[in-house]
Amino acid sequence: MLRLLASGCARGPGGGGGARPAAGLCDPGSSQSCQASDAPRNQPPSSEFVARSVGICSMMRLPVQASPEGLDAAFIGVPLDIGTSNRPGARFGPRRIREESVLLRTANPSTGALPFQSLMVADLGDVNVNLYNLQDSCRLIREAYQNIVAAGCIPLTLGGDHTITYPILQAMAEKHGPMGLVHVDAHMDVADKALGEKLYHGTPFRRCVDEGLLDCKRVVQIGIRGSSMTLDTYRYSRSQGFRVVLAEDCWMKSLVPLMGKVRQQMGVRPIYISFDIDGLDPAYAPGTGTPEIAGLTPSQALEIIRGCQGLNVVGCDLVEVSPPYDPSGNTALVAANLLFEMLCVLPKVTVA
């Protein structure tokens, strides 16, 4: 059973105006399907008709559902940070990202994407993690995402530290097989263990390789940088066949040409996007646990995500936002925008 904590139902007018409930919102206690084939889709309320400070704190003020049934895509929070190695606080990331998402609107004029005219989208609340047991939390996450994937719903995850990507990919690979991966991060997260433990936010992709969850020839890691304990820190990823793109190879240039190569590499098979907010320079995203200087810019982040347009994206996450180190809210604001951009590149999204 999907273990989600939905705090209530966010209701608001659709993009067409008028004070009416958001179309397509279902009763979480109902066994009926949430969406008939000809039913209108959920629309975030327009600030022309509903003040941004009004309503339940859901992602983009979308309706909150307890079930993924009837949804094409959904935002899900995983408020876990007991896998962090440095500054904690990512357990509060989903809530803060939702708060900042009030500034988002329904269309993407830069790309022409109209996600809410194309997909039925809602907020599924948060996975009920166990903050005293990382292994048990991974089990709870895996089971929740098995339910989401089985319903044919594409998950867009609000993290949480990067440990959560491992159980998510366990669930995704059960349906899709070994996945392609577009991974944006300051770190490769392929360590084997730390303090004797093989599961923390520095090991998720090593564990994924161990279990055959990744199609290693279709993995790209972008934004990698920072000091290390050895000079061959990139050896493991490259030995597996990953494309490793260092941050210094991205400095002061457009990443559009890179993403052209990535699209060719990924082909038509399923891919997953995992975006650690510390992939960005801490000047833009200071609210994270393990910041590294000289990172990517927000515009480069947009080039990476928009460069995934046309790929078979079956899931996404945005992780490692730590609000205690983000007093201005800028990190969470960037994160909310990047999640919207991910929504805009999903398959079946209409592009005008």
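Glycine is no exception: its Cβ is also placed from the backbone N, Cα and C atoms.
Listed in TrEMBL:
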REGION    11-47  region 'Disordered'
BINDING   H162, D185, H187, D189, D276, D278  Mn(2+) binding site
Among D185, D189, D276, D278, the most crowded of the binding-site residues [Cβ within 10 Å]: D278
In the chain carrying H187 (Mn(2+) binding site), residues 6 or more apart in sequence that have Cβ under 8 angstroms from it: G202, I224, G226, D276, D278, T290, E292
Mn(2+) site shell beyond H162, D185, H187, D189, D276, D278, criterion: Cβ within 8 Å of Cβ centroid: H183, A186, M188, H201, G279, T290, V319, E320
